[in-house]
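Visitor: I'd like to ask some things about the structure below.
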């Protein structure tokens with residue numbers, strides 16, 4: 001007979017109620033304690049439900065009811081401080097549904113909580129007016145005890161704290177941990193609760209704001225957000241987020257009405273629409289309040305059998321709309337965790353529970369830290385925090401393509417999310433979520449990043465160090481022979497530069513490169529031809545390694561955003577470099593002159609871009625989301641890189657057949673020749689880059705090839721096929737592997753679903 005197991009949930013908000021529904025669906029015993037007299041008071045701001053939360057709500061059977069009481073976000077608008085439209089996209093809702101299966105919906109917090117509460121089958125397990133005052137934690141696998149203000153005692157095998165920012169459970173967890181295990185709770189967890197902004201939130205009727213979408217208004221050190229409530233109701237929710245004069249630390253008590261009135265009077269003349277000011281909006285409001293916007297992510301969210309979720313564990317700035325959705329994700333994680341422990345008969349096994357809770361903590365800290373950083377960046381930009389943010393918000397970003405600049409960033413906040421593994425799978429769109437992918441991106445450790453960058457710098461400088469300290473200076477061939485070898489090697493370096501510039505061009509068309517040092521390949525090519533490829537390539541790769549260490553990086557589309565350019569890669573390559581080769585031969589009279597190759601390096605990205613524009617304008621091909629969020633460009637990349645690899649191999653074979661014996665005999669003494677030194681540096685750097693790429697793919701589980709096998713293949717290819725062919729081959733291999741690993745993959749779905 002199975003040993004009884006009870007979950008004790010503290011808090012009847014979004015996190016607590018969704019967890020209760022999931023536990024009922026999974027057949028777990030539970031009780032829920034809520035300190036207020038009503039789980040769905042008619043107070044508070046609205047709730048935005050994004051695809052990552054919507055798909056879980058769909059699984060537990062409440063999504064349709066949520067939609068009936070909500071308004072879909074069909075469009076997106078951003079306004080300048082003068083009330084002028086700087087961004088408008090009427091297709092946002094349609095695109096989100098196509099990509100992720102669900103639109104964003106917005107409804108009142110009251111309706112959201114009421115729908116969740118009504119879904120609970122055994123309402124006798126929900127106890128109101130039960131304010132927690134003391135907890136006695138049990139060891140893992142044992143029971144814990146909770147005492148409420150009215151003297152009641154409740155027990156549970158695991159205690160889930162979901163009682164919000166001002167959490168009694170968190171306070172008790174810290175008290176117990178500090179008493180029993182001093183130092184377990186990091187100092188940062190207690191001092192890292194901060195507030196940079198204060199918000200006034202309100203509900204207005206028939207305010208004159210546009211229906212059917214969300215709107216944001218930018219202003220100096222403040223911003224606004226507006227959203228229709230239930231569709232057709234005339235109800236609008238609005239937020240004023242104002243930057244505090246000083247950063248506030250610690251859990252902040254409720255703010256007074258004087259603070260609210262002060263902010264409203266200070267900004268009453270702000271233009272938040274063509275014919276609407278904040279003062280006029282406030283006059284049409286039936287409800288308003290002021291709240292401190294606190295932000296934190298705890299590094300420790302459990303101790304013994306107490307686990308924190310929702311706003312008890314982390315608090316995000318509401319500008320990104322991920323607070324409630326993250327709570328839903330965490331509830332799903334906990335429910336699946338308990339199901340899996342039960343399936344293994346490990347609900348009372350301390351080691352198994354410890355491992356499961358540690359996995360929860362690790363994954364959720366990474367996920368919510370990324371969400372917090374993204375939300376903070378968005379708020380700083382919308383409140384024009386400094387001249388750079390002001391320029392980005394009002395001048396630069398409005399000129400960017402919405403599909404390329406906004407949707408991938410928005411999607412990267414959705415797709416790392418989980419869903420319930422043991423209920424009917426949710427609807428899907430073009431974009432897979434984390435459980436649908438083979439790849440399992442994790443943030444790269446700072447130590448690993450530092451190590452790769454350090455080794456890369458040492459590798460790039462190794463030929464210079466070797467030439468200075470390890471060569472004798474004597475060689476057995478004449479200066480004329482050395483000059484001929486140098487000319488041939490310069491020609492091979494030119495071919496290697498084609499492989500490098502081809503990689504740079506492709507990377508410049510990725511969504512993650514849009515606002516980065518990689519947004520254009522031309523500056524890198526210009527610098528390489530001026531200062532040398534052997535000096536610029538290591539800098540590029542160091543920047544690349546540093547910029548790709550976040551987990552969000554791999555949830556962005558990894559392929560090219562312009563199908564026309566992808567199709568034009570190979571034709572542009574053949575035309576530009578064939579012309580360059582012919583001109584070089586005709587003008588040199590048999591001597592190698594690389595000036596035409598330099599011209600070709602500049603011309604290639606320009607010709608590819610112009611050819612792509614022509615193809616997009618004159619032929620029918622997929623556009624917008626059907627390109628950016630697909631792998632349709634991969635075959636064109638493959639042909640392009642295979643051509644470079646073939647030419648690079650032929651050139652290397654010709655070089656090896658003519659000078660291979662000389663190079664082997666002379667060894668390091670050849671480093672006296674600058675061309676040899678440059679090629680040696682480029683070879684070590686490109687080889688190390690290929691080794692890093694293989695290691696990184698394996699680290700995120702994007703390839704089944706072992707690191708040792710991949711490295712041996714890369715080293716063998718470099719020796720026998722040359723660095724140009726190896727770089728091109730490794731680059732396209734990594735692109736194909738990553739594209740497959742971040743596309744839909746057969747989900748490890750339990751056959752025992754409900």
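For all residues, glycine too, the Cβ spot is worked out from N, Cα and C.
Per Swiss-Prot, the features are:
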TRANSMEM  3-23  transmembrane segment
BINDING   34, 48, 109, 311, 324  FAD binding site
ACT_SITE  218  active site
TRANSMEM  446-466  transmembrane segment
TRANSMEM  486-506  transmembrane segment
TRANSMEM  536-556  transmembrane segment
TRANSMEM  563-583  transmembrane segment
CARBOHYD  586  N-linked glycosylation site
TRANSMEM  595-615  transmembrane segment
CARBOHYD  616  N-linked glycosylation site
TRANSMEM  644-664  transmembrane segment
TRANSMEM  679-697  transmembrane segment
CARBOHYD  701  N-linked glycosylation site
TRANSMEM  712-732  transmembrane segment
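Give me the structural setting of these features: burial, nearby parts and distances.
Guide: Packing against the transmembrane segment (3-23) from elsewhere in the chain are residues 29-34, 36, 39, 47, 56-57, 60, 62, 112-113, 116-117, 119-120, 125-126, 128, 132, 144, 146, 154-164, 167-169, 309-312, 324, 327-328, 330-332, 334-335, 338, 342, 347-348, 420: each is 6 or more residues past its ends and has a CB under 8 Å from a CB in it.
Here residue 324 (FAD binding site) comes close to 14, 47, 48, 49, 53, 112: these same-chain residues lie at least six apart in sequence, with C-beta atoms under 8 angstroms from its C-beta.
There are 22 other Cβ atoms within 10 Å of the Cβ belonging to residue 218 (active site). For the recorded site, residue 218 (active site), the DSSP three-state label reads strand.
Nonlocal intrachain contacts for the transmembrane segment (446-466), taken as residues 6+ away from its ends with a CB within less than 8 angstroms of a stretch CB, comprise 534-535, 537-538, 541-542, 545-546, 549, 668, 671, 676-678, 680-681, 684-685, 687-689, 692.
Residues of the same chain lying 6 or more positions beyond the ends of the transmembrane segment (486-506) and with a Cβ under 8 Å from any Cβ of it are 518, 521, 524-525, 528, 533, 537, 540, 560, 569, 573, 577, 591-592, 594, 597, 600-601, 604-605, 608, 637, 640-641, 644-645, 647-648, 651-652, 655, 658-659, 673-676, 678-679, 682, 686, 722-725, 727-728, 731, 735.
A C-beta separation below 8 Å, combined with a sequence spacing of at least six in one chain, links residue 586 (N-linked glycosylation site) to none of the other residues.
With a 10 A radius on its CB, residue 616 (N-linked glycosylation site) counts 18 other CB atoms from all the protein chains.
Outside the transmembrane segment (644-664), and at least 6 residues removed from its termini, the chain residues within Cβ reach (under 8 Å) are 477, 481, 485, 488-489, 491-492, 495-496, 498-499, 502, 573, 670, 721-725, 727-729, 732.
Long-range Cβ neighbours of residue 701 (N-linked glycosylation site) (same chain, at least 6 residues apart, Cβ-Cβ under 8 Å): 438, 439, 440, 741.
If one looks beyond the transmembrane segment (712-732) by at least 6 residues along the same chain, the residues whose Cβ comes under 8 Å of a Cβ in the stretch are 492, 495-496, 498-500, 502-503, 506, 637-638, 641-642, 644-649, 651-653, 655-656, 682-683, 686-687, 689-691, 693-694.
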Visitor: May I ask for the residues of the chain that lie six or more residues beyond the transmembrane segment (595-615) and have a Cβ under 8 Å from a Cβ within it?
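Guide: The answer is 494, 497-498, 501-502, 504-505, 508, 520-522, 525-526, 528-529, 562-569, 571-573, 575-577, 579-581, 583-584, 587, 621.
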Visitor: To which of the binding-site residues 34, 109, 311 does the lowest count of other Cβ atoms within 10 Å belong?
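Guide: Across 34, 109, 311, these binding-site residues, the one with fewest Cβ atoms within 10 Å is 109.
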Visitor: Let's check the environment of residue 48 (FAD binding site): how many other CB atoms sit within 10 Å of its CB?
Guide: 24
Visitor: Below 8 angstroms Cβ to Cβ, which residues of this chain, lying six or more residues outside the transmembrane segment (563-583), approach it?
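Guide: For the transmembrane segment (563-583), the list is 498, 502, 505-506, 509, 596-597, 599-600, 603-604, 607-609, 611-616, 621-623, 627, 632-633, 636-637, 639-640, 643-644.
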Visitor: Which of the recorded positions 109, 218, 311 has its Cα nearest to the Cα of residue 616 (N-linked glycosylation site)?
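Guide: For residue 616 (N-linked glycosylation site), the closest Cα among 109, 218, 311 is found at 218.
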